[in-house]
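Feature annotations, courtesy of TrEMBL:
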type     : residues  : note
DOMAIN   : B:27-186  : domain 'Cytochrome c assembly protein'
REGION   : B:1-20    : region 'Disordered'
TRANSMEM : B:26-48   : transmembrane segment
TRANSMEM : B:68-86   : transmembrane segment
TRANSMEM : B:93-116  : transmembrane segment
TRANSMEM : B:136-154 : transmembrane segment
TRANSMEM : B:161-182 : transmembrane segment
TRANSMEM : B:202-222 : transmembrane segment
Amino acid sequence: MIAFVVAAATGTWPYVAAAWAVVFGGMGVYALVTVVRGRRLSKRVPPEKRRWS
Amino acid sequence: MTTETAGPLEASDSGPSSTGSRTTMILGIVTLLALGVLVLFGLILSPADENQGDAVRIMYVHVPSATLSYVGCFMTAIGSAVYLWRKSQWWDLVAYASAEVAALFTAFTLVTGMLWGRPTWGVFWVWDARLTSEAMLMLLLLGYLAVRGLAADYQVRAKRAAIVGLLLVPNVFIVRQSVQWWRTLHQTPTLSLAGAEIQGLMLFSLFTGFVAITLVFVWMVIHRFRVAWLEEQVDAEGLDTAIAERRAEGVAS
Amino acid sequence: MELTPRTGPDSEGGQTSAGSPRRKRRMSLPAMALLVAVVAIGGFVMVKALGSATTFYRNADEAVAQHNSLGVKRFRLQGTVVPGTVVQTGDGVTFEIAYNGVPITVHHVGDPPEMFKENQAVLLEGHFDADGTDTYDSDLMIVKHSEVYKEKQKERLNEAEVNGQMPVTTMRSGS
């Protein structure tokens, strides 16, 4: 376990971790922001105009 | 009146209180599962590369991000073309939603590309034809979004944006062909009609990347489209409630 | 006219004139600033692209052929590291690169990238030495890896690790 952590902190792993974190974090934040915007806007729009098929 | 019909949203027959629907809920669950599989294969099960070591794992998010950003650009161009032709708001909003998601994935492509470049090439960035044209694509997408944000009537904004949207296709084509047309630091495509320069679990990991990121893309475009649609409804509502009421009867489906 | 989708531009033409609530919601100043920034950066990128992207590098054989016109001008050089020529120096590394069988001796100042090794294509930034020989003084080295990926073999893992991290072990101690 310790060896794994040490190995993960050296060489190319920090770059791999950073790249994946940017993509997964970015997707998560964007998804969240979009859903929240949708919920807020939904309150201001009559229901017959937001029936998603 | 709008206030009456929009009233309490708790009732089950009052329409969804978000941009989610049964379809996007299922799609979202499948997407999360696919992302889990991508992590499993991309970071754990797939082997390190002979030359690049573990840095090769960045490819499993970099290449699908780039591919889906191209898809988003094409969707924007198609939406723009149909808007200019038919003045269809539906297609304009498809173009808008796709452009924003494409910009997000282009940003991912640039950032993961830099983080891949440093441990392999030794530098984060060079101004070769591939990287330069990709940077131009990012700027064009930001330009598209900026044009949409300029104060103007809806039709003026949509028309300006559509013209910028059409330019995305030649730019994507230049990005794609840059490694063939010019001398670049960036390597030529690993996957092509001639075959794959990658095998086994590495190829499978790349495949899971394509599947997962495609699902994310579809989920995002659907939700972003619905947000854009709701925005236009809110705008229209303030314009003339009576007209909005009358129109709603003809459109609600 | 912009109330609903699938309606033509024919209806309610007068509704979008001044006073439309849309105008209030759109924040035009940040968008304008973004647009100006995009155009400015775009121009910069275009200049950069036209200046350097199309002739991004010269291969070793071309550089030798153009030696006279290049002089000591700065340019990018590409070639493959010739096996058995890599020698570590006090401030960097000396080696030969070749392209189409034409070699150039490179004096590189600075640490080579981790992926630097024999038979590896590299991209260098620098210029020909002032003494007129086909010797190139480099201060920036970039590894140009291929689009081919291959699984690292488990049984060779340890050896590969040593070689990968310590390219020096494959270098000759003198020439």
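For all residues, glycine too, the Cβ spot is worked out from N, Cα and C.
Proximity of the transmembrane segment (B:93-116) to the transmembrane segment (B:26-48) is not established, fewer than 3 Cβ-Cβ distances being under 8 Å for residue pairs spaced 6 or more apart. Sequence-distant contacts of the transmembrane segment (B:161-182) (same chain, six or more residues past either end, CB-CB distance under 8 Å): 70, 73-74, 76-77, 79-81, 83-84, 92, 95-96, 99, 102, 128-130, 133-134, 136-137, 140-141, 143-144, 147-148, 188-189. If one looks beyond the transmembrane segment (B:26-48) by at least 6 residues along the same chain, the residues whose Cβ comes under 8 Å of a Cβ in the stretch are 20, 54, 56-57, 60-61, 200-202, 204-205, 208-209, 211-213, 215-216, 218-219, 222.
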